Amino acid sequence: MISFNLLVFVSIAYVVFLFAVAFAAERRAAMGKTAWLRSSAIYTLSLSIYCTAWTFYGAVGYAARSGLEFLTIYLGPTLVMIGWWWLVRKLVRIGRTQRLTSIADLISSRFGKSTFLGVLVTVLAIVGTTPYIALQLQSVTQSIAVFAASSGEVWEAGDLNGAAMWVAAGLAVFTVLFGTRNLDAHERHHGIVLAIAVEAVVKLFALIAVGVFVVWGVAGGIGPTMDLIDASAQSQWAPQPSRWIGLIFVSAAAFLCLPRMFQVLVVENSDERTVSTASWAFPTYLLLMSLFVVPIAVVGLDLMPAGANPDLFVVTLPLSEGREGLAILSFLGGFSSATSMVIVATLALATMVSNHIVVPSWLNARTPGAVVSGDVRDVVVMSRRISIGVILALGYIYFRLSGGGGALAAIGLVSFTGVTQVLPAMIGGVFWRGANRWGAGAAISIGFAVWAWTQFLPSFGVDAVISQAVFDQGPFGINWLRPYALFGIEGIDPFVHAVFWSMLLNTGALIVVSILTFPNPLERLQGAQFVNVYDYSSGARTWSQSAAQAEDLLVMAQRILGGAEAQSIFQAEARSQGKDGFLPDVTPDFISRLERELSGSVGAATAHAMMAQLTEGAMVSVDDLIAVADETAQIMEYSSQLEAKSAEQDRTARALREANEKLTALSIQKDAFLSQISHELRTPMTSIRSFSDILRDGEIEDEARKKFAGIIHDETNRLTRLLDDLLDLGVLESGQVQLNIGEGTLAEVLDRAIMASGVAPDDLVISRRAVNEGVPLTTDLERLAQVFINLISNAAKYCMADDPELRIIVRQINGQTVVDFCDNGAGVPKESQSMIFEKFSRLEDAGKAGGAGLGLSICRQIMTALGGDVTYLPGQGGAGFRVTIPAAVALAAQ
Amino acid sequence: MGQRVLLIEDEPNIIEAISYILSKDGWTVHTHSDGETAMDKVLQGVPDLIILDVMLPGRSGYDILRDLRADGVTASVPVMMLTARGQAKDRDMAERLGATHFMTKPFSNADILDCVRTLATS
């Protein structure tokens, strides 16, 4: 008995191993070591995603039900690879030169970059692939259920659903991780490709191991097996030619048209030469895959109990024989088949949804000229991730709705026929220049409709979507529209019927509509590029001598570069070709040069796209559009950076200018200051010198001598005071003043100041109101007193009233203590009020003052240092000064 | 003797010093300490020599000098400028405006005497 947990463990270990493989491949690719990742072996093995769980499990079931018919599924791709490998090579070449990203891109690009066709093919692919993804989920859950049953557990539908959901979620994570890691213009994913190559080996090995075990371990060798086959009912079934032809055709077409096959066949291919190797190696792989299908089916039918699902013989046979290791290997083979298909299919579909639906709508939604913000790549990557999730969710939902019923092979065939509807447009596009988008659109639409009506919708079962009545009488009683008998032709196998009518009408529409309508010129040129890809791609990088008219180019260049510049470029070129005028011959050289000129103005991608339009008729691809938008965003960003820089430079320049003005002003101030200092120092020195000369020269009365000595003494004091003030001011202005914070009341400070000012009551009456002066202070009391002394002295000096009086008023304003000093003199003239706190500003008629005009300047510096202020208080009758002591200082002591 | 010198200066101690020196030397010294009214004072009785301070209340010595030179009555009166600033540009200014002599404070008594004597006799 296999523990179910062991199975889960093995599965998880296997998945981790795949992650590691993919991660390692990405690492190597990132280091540039891609040579072996591009090898023929990897390419061939990656093609094996054709063999899904449908092939792994379903082929045996198919053989059990229909005999050798299962071979057609292998024969189709084999014919394509052997007989039509040059078609594959052509597709690969076109894919590379046109940078195709998906089958939808191929169709849309070929037919003039038609958005409609891109969307149509994308929708068709999603509709056709969703059941197929559901099928893979179903096969994995069924095989898990087999193990669960063998270990005695009974699984309810809910358990199956849960398992399917976990598988789907895990696959989504894997695909997002390795499918949207980076956005490569070529859409190559080395990690995923290597992982599916590994899975290809695992599934082949598993199937052969089971086959060998069945033939030699169970049946007893080749001879007995052949006997068993001869005796089986299957060997008696004669092939139905119409079904065989239809199946081979459909599987061959699906091999080319399935989104996941196009992904590995064309998009992931990076070297055309690998195609020729794959042309024999891949059929060999298919041959090995099919080798043991019939023996397993026949032995299974022989040994397993009646009613056992032949789709699961690959697992149930080894289990019933007790070969649990082999059964697990077989399970891993089926698991590999399912996961590799889902991963690549999801990735391919997500690319299509993103490139053909999301990004074009996003680009359209943007108003032209709007600032492109953010990175376009973010939008692309995000849309792909979301698409991956949505597509897997769709697969899961389909799995739930379909109830996990129905034979695997039947679902697979429905899918195959669906995607085959793209084939006529693709083949027509690649080989017939006359095919145009009207034709392609009509072909795919009609094919899609016929397929949906005759095969897809009926596949849900009678009465599920289409009622029995419609099957019998046709919709609305229109007899010739019966799903299984179009145009009244009955008796054809439903599959063949669907393929026949859808292909006939599809191809017919392509041919007839293409002939009846006209392609636009660009589409015609694009068609030529596809059909004659080898001619066009030989010299890949240069511009071909082309349809471009010199005049068209001039018109465009003028629009971008401006008339004068464009004309001079064209004229210079014409002259160098020995021609007069403005229209030179359009040589590849000239086109390249012009493109470079244009790139300077509009960016390389835009320039290339514009030149391409005119010279080769290539339409702008989505990649180009993305590149354009990207580039525009970068240019925008760059220019906004430039703007920011230049704004910054403006700011710097302004700052420098201001600094310079400040320096100039400071320099002027310094000159004025020095000049003032000079004056203030020289004036007392003049007196001192003069009187000392007089005293020295003798012959002088005692009275005069005493007087002159007194003058010298006074003038010396004046000099000393001046120097003291200058030094004090210097300290205060430098901000390095040492404050000596102490506590006291305002009254104490005022008392001390009045005392120190030495003002006699005869000279100046000082009136106070002791009531308000009890304010406690925490500040430098000495400095505050110095301010008060200055103000009191000034009043004494300058107040010229007959009865000089100074009122000292203390108030609380807005929580601050203010002390006003108001005298009854003439006051300070209005025009001088703003000047008095400047250094050396002295009212002119104050000759007797004897100060240098530094006092108020010092007061202001002190008050600033203390966090307060001293201002002139106009409108007080005389001179008024207000000292504001900051709230914090006053409050701190309370 | 008895030549008249007009001293226009606002510093009381300097007025006192210069008056003392010149009086002792035999000059008749008149003083005036206001810039605004200096011109009127000059025209009341044109002196033989004017000693003019630059920094005066009301009007600068340079402005007074310009008026003196512009007025026909006083245009030829020798003017000695006194300044406490003494920078080169002050000297240039004084000479350009037509000062006869320029002297920087502080000065020696001998210098000012020499200068007054020279200017008065020329």
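Note: Cβ is positioned from N, Cα and C throughout, glycine not excepted.
Per TrEMBL, the features are:
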| type | residues | note |
| --- | --- | --- |
| COILED | A:642-676 | coiled coil |
| DOMAIN | A:676-889 | domain 'Histidine kinase' |
| TRANSMEM | A:6-25 | transmembrane segment |
| TRANSMEM | A:45-64 | transmembrane segment |
| TRANSMEM | A:70-88 | transmembrane segment |
| TRANSMEM | A:116-135 | transmembrane segment |
| TRANSMEM | A:163-180 | transmembrane segment |
| TRANSMEM | A:192-219 | transmembrane segment |
| TRANSMEM | A:244-262 | transmembrane segment |
| TRANSMEM | A:282-306 | transmembrane segment |
| TRANSMEM | A:326-350 | transmembrane segment |
| TRANSMEM | A:386-401 | transmembrane segment |
| TRANSMEM | A:407-431 | transmembrane segment |
| TRANSMEM | A:438-456 | transmembrane segment |
The transmembrane segment (A:244-262) versus listed stretches A:192-219, A:326-350, A:386-401: most Cβ pairs under 8 Å: A:326-350
Result, the transmembrane segment (A:6-25) in contact with the transmembrane segment (A:326-350) (3+ CB pairs under 8 Å): yes
Stretch of maximal Cβ-Cβ contact with the transmembrane segment (A:70-88) [cut-off: under 8 Å; candidates A:163-180, A:192-219, A:282-306]: A:282-306
Predicted model, mean pLDDT over the domain 'Histidine kinase' (A:676-889): 83
Interface present between the transmembrane segment (A:282-306) and the transmembrane segment (A:407-431) (three or more C-beta pairs under 8 A): no
Sequence-remote partners of the transmembrane segment (A:282-306) [C-beta within less than 8 Å, at least six residues beyond its ends]: 44-45, 47-48, 50-51, 55, 59-61, 63-64, 68, 70-71, 74, 77-78, 81-82, 200, 203-204, 207-208, 210-212, 214-215, 218-219, 225, 228-229, 232, 234, 313-314, 316-317, 320
Selection from A:6-25, A:45-64, A:116-135, A:163-180, A:386-401, the stretch that has most Cβ pairs under 8 A to the transmembrane segment (A:438-456): A:116-135
Region pair the transmembrane segment (A:116-135) / the transmembrane segment (A:45-64), three or more CB pairs under 8 Å: yes
